[in-house]
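Okay, here's the structure, questions in a sec.
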Amino acid sequence: MATRKARNPLAFMPWPVTILTTAMYLALIIPLLVIHHNVPPAPRTSPNGLNLTEAWQDLQSLTKGFHPYNSHQNDEVRSWLLERIDAIKQSTPSTEEYRDAKEEKPDVFVFDDLVSNLTFIDKSVGVYFEGTNILVYIRGSEDNKQNWWETPGRAPVGKGGVLVNAHYDSVSTGYGATDDGVGVVTCLQLVKYFLTPGHAPRRGLVVLFNNGEEDYLNGARVYSQHPMARFAHTFLNLEGAGAGGRATLFRSSDTEVTQAYAKSEHPFGSVLSANGFEKGLISSQTDYVVLEGILGLRGLDVAFFEPRARYHTDQDDARHTSIDSLWHMLSTAVATTEELVSDTTDRFDGHIRDDGTVPSGSGTRAVWFDLFGSAFAVFRLHTLFALSVTLLIVAPLTLLVTSVILSRADKMYLFRSSVYSEINDDYIPLRGLRGFFRFPFLISIPTGVTVGLAYMVTKVNPFIAHSSSYAVWSMMISAWIFLAWFVSRVANSARPSAFHRVYTWTWMFVLTWSLMVVCTVYEHEEGLAGGYFIFFYFAGTFLATWISYLELFALPTKSEYVGRLAESRRPSTQGSRLAASGDEHQDDAAEEDPTESTSLLHGRHRPTFANYVRVGVDRASQDEEEEEEDPNVYEHEQGWSGVLPRWTWLLQLLITAPVILMLIVPLALLTTSALSQTGQDGSPQLLIYLFISCLTALLFAPMLPFIHRYTYHLPIFLLFVFIGTMIYNLVAFPFADSNRLKLFFLQEVDLDNGISTASLTGMPPFVSDVTYGLPSAAGQNESCDWTFRGKRKLQRCSWSAPLPHVVPDGDSLSVSSEDADSLLDATELSPDWISFSISHPQRDSSSVRFEVSGQNTRNCRINMDGNSITNFSVIGSSAPDHRFLNPSPDGLNRIQLWSRTWDNKWTVDVDFSKHDSSETDEVDESSITGRITCLWSDNNRVGLIPALDEVRQFSPAWVAVTKFSDGLIEGSRAFEIKRSSLGALGS
């Protein structure tokens, strides 16, 4: 007769367990990988109100050249944008067509802002910026019909509107296709869409094309000075921190505004990324921090996030993105904006605030994440907190009550090694404690080894994740699964136990309960929702554990089992005693007739230790043989285990693995893409490898209750995978043409002595190898030191470089991009690149007046050798805005000056402190020293910056060059001010 386990194809047996668990993991991981790396296709026919072909052509026009704020190409992009906006406005359908759609034709206003300026202080840096933003306002059907902005100081009337923001400047080394060209053309299409009959907004829509985001978020800051900045209450910021792929929801301000994003056809993102920004794990910032943090709007930050290696390089172009990526951001923006402008409730309106922020009301902190890139879950953090607290209490109580019921039913075999038998007047072994101490080794050994691998890779080949992150994942996963299987098989061979599964689930329950406590505390104290997946992880683990406890009700009572076992042993025991008695009689008879060979000792006084051991072993062996008479018992497991259900393991797998994989795999992929290529920026590489090792344990821990049933085929295969990937990860070169290493370029020209020094900054030893492989640097003494770019410590290697051609000879002060070739004839260094003067506007004052001008630029600086500036003002600037004043108590050491016109002369009044807080006894306190620096960023002609051209031409194919600072060229002249010449300071 066939046994129960033989008849059941889903039984807890090696082949079903191996095949089904492997199939389930692959069936979920593979689609998630495909979704992560493949963008949903754009429709063949553009939806009503949109034109994808036109949008793609606009992107190509926008990205013809590098167009940073301080470039002539930027002016051309601005002119082109105004033309495109005007063309869209002129093509607006007639009033009759709107009537057919039962709508009123909306009013459209275009603001070409060449007036707004802003002076702000951020710690030790002061900035004066003149904006060149473009705003398009589409009046909503429920907006006030008056042009309230035409009256100075007048506040908007009625409900707040919606702002969509993108910046049209790029960095000086990137074409800006995704940073932020796609965002810009999306904004153009939004203007077109909401001017199409059937889509007229109910709330007013402001579309902002800001200029200057790449430098201190200047464009968004100066937008605050425009009257329309008081109108919008919600916003959608479109950005690019990668160079293609999907656009992810980086962060959001609250639940209510995030619900608008949930209307997107292909939502993508997790609240974990928002927590990364909040805790400073992601250092780069977007206009979101200005719009939400300073102006008080409530909104969303949507951006491209990979591949990071193309970000701010010449591969951020139309060639390396796609119309599918464009459609992903455009469709998201349309759905989100349409939901926001259609909202007529008061949830985005509040009372006027004293701090100058807009009265946008207050929202609730949110939890949000996508599911397979097609659905989006969003709910309040308070809801997650309430559910977490409830589950933390209910789950252990449920297991406790179940355990009590099992004990009263006399079926609590757990934690019992034996039970007393009145029949035999002895303890009968249950072996119910077997397998209890297995889990700590089962989890710690594989995880400890993968953590060790993380440290080893960081030591030997730290940047391999830059181009081969999946090789790292393969190494970690294969090592973890093989070791988990090996440890479980060794343990199960030595002490087979039917309780391996229930004990493993119990340990996992305790572990996830502890993690849940930590996450719940952070939810309440810090407002962090990134641990939402732990809630679902714990919930699944609890249910799986409870199922294992409920299985115990299928067991016979312990007394019944012991009684049956005792009865089965009674005859054999009596027979043994009779046999033993007969042996004794025979021995006695033999002793009565001693012979010459008889021992001198009497037989009954012989040592009996050997006999005792043999009898004990025979009894234990006999117990096991009697227990194993049940054909449903697996191998050498406990005899009572034959009645346990054989299919519940699959239910446990279905409850835990799918949910865990659906939530954690996207997080793993998202974070891997975001972090794997940040090491080139100076981020600690160990972080990504530790992240992968820990995520591996979380992803595959649901296998542990079943892994001792695996056949050897898959683990042995994974062992070979581990060996191969480990060797590859240790010896392979970490960079490739498609995953280049970014080096940061800067050329500094001392206009006082004509010294021109170029430098490349990046990670050692690659930066020095590249630098001194250049023709102009060959033969020069290596000059490398350490510097900081932001908070990241990097190596900088310098060499004497040919002069740039950024300023024309003769009397010409500026050139357009069409005439930029004339700069190539400028071969002589002229101190007239920068002109400045220093005077005292008031005799008895600590103020000094600087007049600064640079040729063919609109960006200069006043750099101090110490933090000696207490205040400054630019003549002709607007009144200071207290929202943007955040000075350091030590004072300022730099003033950044930006002008919307070329060759501008800034007049700056600077107040100095009596004593420089950074000065030491070795510094001459009788004078104030510094440098006037101007910057040049125009890089659209070969030959303008020979050193940069040389880097691009002669660097290896796996190297990309990007800007180190605001400008590619910094020309400077020194100045000195005698403190005795300052009236107040000299008195």
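Cβ coordinates come from backbone N, Cα and C, glycine included.
Below, the features straight out of Swiss-Prot:
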TOPO_DOM  1-14  topological domain 'Cytoplasmic'
TRANSMEM  15-35  transmembrane segment
TOPO_DOM  36-384  topological domain 'Vacuolar'
CARBOHYD  Asn51  N-linked glycosylation site
CARBOHYD  Asn117  N-linked glycosylation site
BINDING   His167, Asp179, Glu239  Zn(2+) 1 binding site
BINDING   Asp179, Glu214, His312  Zn(2+) 2 binding site
TRANSMEM  385-405  transmembrane segment
TOPO_DOM  406-435  topological domain 'Cytoplasmic'
TRANSMEM  436-456  transmembrane segment
TOPO_DOM  457-466  topological domain 'Vacuolar'
TRANSMEM  467-487  transmembrane segment
TOPO_DOM  488-501  topological domain 'Cytoplasmic'
TRANSMEM  502-522  transmembrane segment
TOPO_DOM  523-526  topological domain 'Vacuolar'
TRANSMEM  527-547  transmembrane segment
TOPO_DOM  548-649  topological domain 'Cytoplasmic'
REGION    572-600  region 'Disordered'
TRANSMEM  650-670  transmembrane segment
TOPO_DOM  671-686  topological domain 'Vacuolar'
TRANSMEM  687-707  transmembrane segment
TOPO_DOM  708-715  topological domain 'Cytoplasmic'
TRANSMEM  716-736  transmembrane segment
TOPO_DOM  737-987  topological domain 'Vacuolar'
CARBOHYD  Asn781  N-linked glycosylation site
CARBOHYD  Asn871  N-linked glycosylation site
Which Cβ among the glycosylation sites (Asn51, Asn781, Asn871) has the fewest C-beta neighbours inside 10 Å?
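Asn781, out of the glycosylation sites Asn51, Asn781, Asn871, has the fewest neighbouring Cβ atoms within 10 Å.
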So around the Zn(2+) 1 site, His167, Asp179, Glu239 aside, which residues have their CB within 8 A of the centroid of those CB atoms?
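Surrounding the site, in chain order, are Ala166, Gly176, Thr178, Asp180, Gly183, Glu213, Glu214, Leu238, Gly240, Ala241, Thr286, Asp287, Ala303.
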Have the transmembrane segment (687-707) and the transmembrane segment (502-522) got at least three CB pairs under 8 Å, pairs 6 or more apart in sequence?
yes
Considering only the recorded stretches 15-35, 385-405, 502-522, 650-670, state which has the highest number of Cβ pairs under 8 Å to the transmembrane segment (436-456).
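The stretch with the most close Cβ contacts to the transmembrane segment (436-456) is 502-522.
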Note the Cβ centroid of Asp179, Glu214, His312, the recorded Zn(2+) 2 site, then list each other residue of that chain whose Cβ lies within 8 Å of it, in sequence.
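Apart from Asp179, Glu214, His312, the close residues are Ser170, Val171, Gly174, Gly176, Asp180, Gly240, Tyr311, Asp316.
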Please report the Cα separation of His167 (Zn(2+) 1 binding site) and Asn871 (N-linked glycosylation site) in Å, rounded to an integer.
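Cα of His167 (Zn(2+) 1 binding site) to Cα of Asn871 (N-linked glycosylation site) measures 30 Å after rounding.
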Let me check one thing: do the transmembrane segment (527-547) and the transmembrane segment (15-35) come into contact, meaning three or more Cβ pairs under 8 Å with sequence separation of at least 6?
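Not in contact, no.
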Taking pairs 6 or more apart in sequence, does the count of Cβ pairs under 8 Å between the transmembrane segment (650-670) and the transmembrane segment (385-405) hit 3 or more?
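These two stretches do not touch.
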Could you state the whole-number distance in Å separating the C-alpha atoms of Glu239 (Zn(2+) 1 binding site) and Asn871 (N-linked glycosylation site)?
33
So of all those recorded positions, Asn117, Asp179, Glu214, His312, Asn871, which one's Cα sits nearest to Asn781 (N-linked glycosylation site)?
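Nearest listed residue in space: His312.
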Examine the transmembrane segment (716-736) against the transmembrane segment (467-487) and state whether at least 3 Cβ pairs sit under 8 A, considering only residue pairs 6 or more apart.
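They do touch: at least three Cβ pairs between the two stretches lie under 8 Å.
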Run through Asn51, Asn117, Asn871 for me and report the glycosylation sites whose CA is within 10 Å of the CA of Glu214 (Zn(2+) 2 binding site), in sequence order.
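Within 10 Å of Glu214 (Zn(2+) 2 binding site): none of them.
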Residue list, the transmembrane segment (15-35) vs rest of chain: Cβ under 8 Å, 6 or more residues beyond ends.
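For the transmembrane segment (15-35), the far contacts come to 9, 372-373, 649-650, 653-654, 657-658, 661-662, 665-666, 669, 703, 706, 709-711, 713-714.
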Compare the Cα of Asn871 (N-linked glycosylation site) against each of the recorded positions Asn51, Asn117, Asp179, His312 and report the nearest.
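With Cα distances computed to Asn871 (N-linked glycosylation site), the winner among Asn51, Asn117, Asp179, His312 is Asn117.
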Any idea what the model's mean pLDDT is for the topological domain 'Cytoplasmic' (548-649)?
62
